[in-house]
Amino acid sequence: MSPHLVIADEVTAARSEGRAVVALESTLLAHGLPQGRNLEVGARLERIVRDAGAVPATIAVLDGVAHIGLTPEQLRRVCSPGLAKLSLRDLGPAYALKRDGATTVASTAALAHQAGIKVFATGGLGGVHLSVPAGSASWDVSADLDVLATTPVTVVCSGVKSILDIAATVEVLETKSVPVVGYRTDYFPGFYLRESAHTVPWRVDNPADAAAVIAAHSTFTASGVLLVNPVPVEYELDRELHDRLLSEGMALLQERGIRGKDVTPALLEFFHNGSGGASLSANTELVADNARVAAEVAVQLSSR
Ligand code: PSU
Ligand code: MN
């Protein structure tokens, strides 16, 4: 076992008794939600997972140690200002230099797998970014896609943020042989919006079928599964507002020269400010629903 990995007792116990565990990531708390709101969301996600009969394992790095499952005090630290955003490539440096950091989908999935956790809930998967100006090559492709291709963890999310090139992201997922399964939807969701222009190749309508797909997939490959669950209909963002904020947000990025790992947090914040809180409700509620679905699927998987 790595000296840089600490698994909470509750998670270890659940794993050894074959009970369901759901991993939760910390970047969406530290960098995707405003200070003052993130802690209550983090605590609520854990409650939702418990209410559905699974054990939550929020994952973050503190003092150079990856924690699988946080105490309330550790969760508070993760939700305080100034945490680094750690993708998978950043774990080695953060461990060696004993830093704190929030983990993205890429690093959370990798750590969940190290801890034997098979199901993970988040808001939106990272993907291929739109190029600004159009036609240029930004080379901004989230490491989330590569990790999903090589890590046997199911990520439950609401598709990818509409701030990304959804068409390109869907193509990369196909290239990397990651099954994309719609949860009660025929469309690939666009985070704030329930439906993008893209359909999904597969659909399931209940947790048992989702678990059956994951179990079957795991018999022949070590890649992950993407289970996409759209934002609850009552919290979907108004399409016109969404489209306006998206084009304004993209212009702002270019104006300020924002790049790399700062792109996603900057755009999320721009949406939160520009939508009068509507995008924040959408983001919070979609993550909450993904936590519930992930827990229900994890319970089905553990009883197979
Ligand atoms: N879901 C949310 N908010 C977020 C994210 C997901 O509701 O902030 C984060 C995830 O951690 C994901 C990251 O891995 O956005 C993508 O960042 P990037 O595009 O830099 O890879
Ligand atoms: Mn990126």
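Using the three backbone atoms N, Cα and C, a Cβ is placed for every residue, glycine included.
For E25 (active site, proton donor), the same-chain residues that are 6 or more apart in sequence and have a Cβ closer than 8 Å to its Cβ are T58, I59, A102, T103, T104, V105, T108, F120, T122. According to its DSSP assignment, E25 (active site, proton donor) is coil. Marked as active site, proton donor by TrEMBL: E25.
Per TrEMBL, the feature active site, nucleophile maps to K161. Within the same chain, residues at least six positions away from K161 (active site, nucleophile) with a Cβ under 8 Å of its Cβ are G124, G127, G190, F191, Y192, T264, L267, L268.
Neighbours of A143 (substrate binding site), defined as other CB atoms within 10 A of its CB across all chains, total 19. Secondary structure at A143 (substrate binding site), taken from DSSP and collapsed to helix, strand or coil, is helix. Annotation comment: TrEMBL describes K85, V105, S142, A143, D144 as substrate binding site.
Taken from TrEMBL, the feature Mn(2+) binding site covers D140. Close to D140 (Mn(2+) binding site) in the fold, though at least 6 residues off in sequence, lie V128, H129, R259, G260, V263, each with a CB less than 8 Å from its CB.
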Cβ under 6 Å from ligand 2: qualifying recorded positions of E25, V105, A143, D144: none
Taking the recorded positions K85, D140, D144, K161, which residues show a Cβ-atom distance to ligand 1 below 6 Å? D144
Counting across all protein chains, other CB atoms within 10 angstroms of the CB of K85 (substrate binding site) number 20
Looking at substrate and its recorded binding residues K85, V105, S142, A143, D144, figure out the farthest C-alpha pair and report it in angstrom, whole number. 13
